[in-house]
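One structure below.
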Amino acid sequence: MAAMRYWCGSISGSGGFGWLPALAVIAAAAWYGASALLLHRRGGSWPLGRAIWAGIGVAVAVAVTQGPVEGLAMQRFSFHSVQHVALGMFVPLCIVAAAPLTLALRTSKPSTRRRLRNISGSAPVRIVSHPAVTLPIYLATMVAVFFTPVFPAMMNSHVAHQAFNAHLLVAGTMFAWPLVGADPSPHRIAYPARMGLVFLSLPLHSVGIMALLSASTLVGGAAAQRAAGIGGFDALADQRMGASLMWVLGEVVGITAVGLAARRWFVADRSATRARLRRGPFGSASANEGRIPALRGGAAT
């Protein structure tokens, strides 16, 4: 009976806070759809590819924060690893590929547009979005946290669990934004450097996962032991399976990020080449590629 209550309670995802991420995702999706529709009604257009990325991100975010995955993420490391990679790597990739900042700039009132430009180019945002800051935080969030008291505490508290999920999403988004994002970034990072940083994150991420695979103790502590005892599964084997899933899924998302960075590089290079051809041999190249644009009216980036 205890095992049955464990599985039924876990799959239901009951913790009293399950509606919070769902509400946030629905609100974000509603805003994105309404903004794209508003742009269309004004005679503008919004790339279908960006809308598809947004839709995929919404679907994945809902899938991993509701139902079985959310319910079991605090009990089984294998389920947590899926949620971890989804919220820390894949959904942030979808967010930056969907270009929500650009959409907001194109559909907002002039006063709101000015505020958005000022905020996105402000000193605090420049600091928290710089790769020298975001890469260590991202790696600590994705792997190092499992070897600290934070993870067992998160496994014991629904509030801590939801807070950490939010942190995963923010840390992943700030890391991905200047490297593979479609939105203009306050940092003008050369495309080879962007590719290099994305590539660098992959082996560093794998090193921590290898430590998880070889660990002989449970990173979830007493909470993982209790869940294994009630649910009737081998917690250490589940932890290793979760580490393997995190490795494989992380590599897939990493390769996708590399592909996005390569595509941005190709598009930027093609645009620069066309601009040089239009200007002729005596023109001067623009030095503003990749900066926060001064958008006026409904102009697209």
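Cβ from N, Cα, C; glycine included.
Copied from TrEMBL, the annotated features are:
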| type | residues | note |
| --- | --- | --- |
| TRANSMEM | 20-39 | transmembrane segment |
| TRANSMEM | 51-69 | transmembrane segment |
| TRANSMEM | 81-106 | transmembrane segment |
| TRANSMEM | 127-151 | transmembrane segment |
| TRANSMEM | 163-181 | transmembrane segment |
| TRANSMEM | 202-224 | transmembrane segment |
| TRANSMEM | 244-266 | transmembrane segment |
The recorded stretch from 51-69, 81-106, 127-151, 163-181 sharing the largest number of CB pairs under 8 A with the transmembrane segment (202-224) is 127-151
Lying 6 or more residues past either end of the transmembrane segment (81-106) yet within Cβ distance under 8 Å of it, the residues of that chain are 32, 35-36, 39, 44, 46, 49-51, 53-54, 56-57, 60-61, 63-65, 69-70, 73, 112-113, 116-117, 120, 138, 141-142, 165, 168-169, 171-173, 175-177, 180-184, 242-243, 245-246, 249-250, 253-254, 256-257, 260, 293, 295, 298-301
Per the Cβ filter (under 8 Å) with a sequence gap of at least 6 from its ends, the transmembrane segment (163-181) is approached by 21, 65, 83-84, 87-89, 91-93, 95-97, 99, 128-131, 134-135, 137-138, 141-142, 145, 150, 154, 187, 189, 194, 197-198, 201, 257, 260-261, 264
Under 8 Å Cβ-Cβ from the transmembrane segment (51-69), and at least six residues away from its ends along the same chain, one finds 10-11, 13, 18, 21-22, 25, 28-29, 32, 36, 79, 82-83, 86-87, 90-91, 93-95, 97-98, 100, 165
